[in-house]
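Visitor: Here it is: the structure, laid out below.
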Amino acid sequence: MSLMPTLTERLNRARADLRMGLPVVLSDAGRALLVAAAEVLTPERLADLRDLGAPVLVLTSRRAETLKARAYDGDLARIVVPGDAGVTWLRAVADPRDDLSTPMKGPFASLRDGAADLHRAGISLAKSAQLLPAVVAVTIDEGFAFAARHGLTLLPLTEAGPDLFSAGAMHPVVSARVPMVASEAGRVHIFRPEDGSTEHYAIEIGQPDRAKPVLARLHSACFTGDVLGSLKCDCGPQLNAALAQMGTEGAGVLLYLNQEGRGIGLANKMRAYALQDQGFDTVEANHRLGFEDDERDFRIGAAILREMGFGAVRLLTNNPKKVAMMEARGLQVAERVPLKVGETPQNRGYLATKAAKSGHLL
Ligand SMILES: Nc1nc2c(ncn2[C@@H]2O[C@H](COP(=O)(O)OP(=O)(O)OP(=O)(O)O)[C@@H](O)[C@H]2O)c(=O)[nH]1
Ligand SMILES: [Zn+2]
């Protein structure tokens, strides 16, 4: 018998550790790296990291571009942390909030030699913990004994497949009837991912025929739009219109995917909104924070639909990438059904940017 946690279980632990400001040990092929999230690192822990070696600040090339720092590792940059730099410096480099008011943070020296795969895993981990994609990293001689001695989580990446950061299979937990304004024949299903990460929901309207393409919507959570009625986006009206159409047709399925802010989480989305108030558009704001335009994993939606017995959909969307992603996961998109509602004076620019830069159909 072994009660040792699997890599996936350790990964979930590592996310929580990182969010608390605890370092995590990443190891592969005899190499080991200690990583901690820049946004929550305390001065005491930074001092501990310095005792172990010279720390680097790992950023994505998106963030490095704004900072005019060299990204020798393709998609990321390893920036030397100056000897006198404290956590305030780390946070100012990681977080674009004050870029405009205090533009000169450099010049920065970036590392060019040595492998960056463990650093890359550190960035993926920070993203999957919905933190800013910025980690402080120190190379250590050996991972296993170090992690055991300090009670830290170790991620032995040697065991990792290419899908380490995917949520895995979706397990149905429970479903219950919820009569709604859009349809009295509503049922809410809860799905829990294999890796123990965030749950996602499916709202089934009526009794869709599994043998035919089902009217479907993949809705990404938008606290501001769905709950607060924010005028900055079109999410709330899209959610209601999709349910209403399913109610009118008598059948459909709406997936409510907890991928707030196109997968960056609500805190980062609010950081993006603060940048939008400084004049950047939705895509530029994501990039300045160090994220890609869209960090969502649409495998989740495909896995839930398949688990529910659906193989083909009539997909309510204006986003051709959602169609392509579903087809790539083996779900046939028999038809794309446009969903154009909720344009406001406040979201006109946002919708225009999505059309111009993200390929949305107007
Ligand atoms: N990062 C970021 N996310 C945003 C912003 N405005 C809205 N969102 C998020 O964008 C997502 C919108 O998702 P959807 O409406 O499902 O997707 P879509 O790609 O616009 O495609 P369709 O609506 O299907 O055409 C939600 O997760 C929102 O929280 C923004 O300015 N920045
Ligand atoms: Zn929204």
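Yeah, the Cβs are placed from backbone N, Cα and C, and that goes for glycine too.
Sharing the record's features from TrEMBL:
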| type | residues | note |
| --- | --- | --- |
| DOMAIN | 175-338 | domain 'GTP cyclohydrolase II' |
| BINDING | Arg217, Leu218, His219, Ser220, Ala221, Gln238, Glu260, Gly261, Arg262, Thr282, Thr317, Lys322 | GTP binding site |
| BINDING | Cys222, Cys233, Cys235 | Zn(2+) binding site |
| ACT_SITE | Asp294 | active site, proton acceptor |
| ACT_SITE | Arg296 | active site, nucleophile |
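Mind mapping these onto the model and telling me what they sit next to?
Guide: Classification of Arg262 (GTP binding site) by DSSP places it within a helix. On its own chain, Arg262 (GTP binding site) has Ser220, Asn286, Asp293, Asp294, Glu295, Arg296 as residues at least 6 apart in sequence with a Cβ closer than 8 Å to its own Cβ.
Listed in sequence order, His219, Ser220, Cys222, Thr224, Gly225, Asp226, Gly342 are the same-chain residues six or more apart from Cys235 (Zn(2+) binding site) with CB atoms under 8 A from its CB. Under DSSP, Cys235 (Zn(2+) binding site) is assigned to a helix (H, G or I) in the three-state scheme.
When secondary structure is read from DSSP and collapsed to three states, Asp294 (active site, proton acceptor) falls in the coil class.
Other Cβ atoms within 10 Å of the Cβ of Arg296 (active site, nucleophile), summed over all protein chains shown, number 20.
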Visitor: Taking the centroid of the Cβ atoms of Cys222, Cys233, Cys235 as the Zn(2+) site, which other residues of that chain lie with their Cβ within 8 Å of it, listed in sequence order?
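Guide: So the additional residues around the site are Ser220, Thr224, Gly225, Asp226, Ser230, Lys232, Asp234, Gly236, Gln238.
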Visitor: Any idea what DSSP makes of Ala221 (GTP binding site), helix, strand or coil?
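Guide: Where Ala221 (GTP binding site) sits, the three-state DSSP reduction gives coil.
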Visitor: Between the Cα atoms of Glu260 (GTP binding site) and Cys233 (Zn(2+) binding site), find the distance and write it as a whole number of Å.
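Guide: Approximately 13 Å lies between the Cα of Glu260 (GTP binding site) and that of Cys233 (Zn(2+) binding site).
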Visitor: Among Arg217, His219, Ala221, Cys222, Arg262, Thr317, which binding-site residues lie by ligand 2, judged by Cβ under 6 Å to any atom?
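Guide: Going through Arg217, His219, Ala221, Cys222, Arg262, Thr317 in sequence order, those close to ligand 2 turn out to be Cys222.
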Visitor: In angstrom units, rounded to an integer, how far apart are the Cα atoms of Thr317 (GTP binding site) and Cys233 (Zn(2+) binding site)?
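Guide: Pair distance, Cα basis, whole Å: 15 Å.
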Visitor: Just counting, how many other CB atoms are there within 10 A of the CB of Asp294 (active site, proton acceptor)?
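Guide: I get 18 for this one.
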Visitor: At the Cα level, what's the spacing in Å between Arg217 (GTP binding site) and Cys233 (Zn(2+) binding site), rounded?
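Guide: Approximately 17 Å lies between the Cα of Arg217 (GTP binding site) and that of Cys233 (Zn(2+) binding site).
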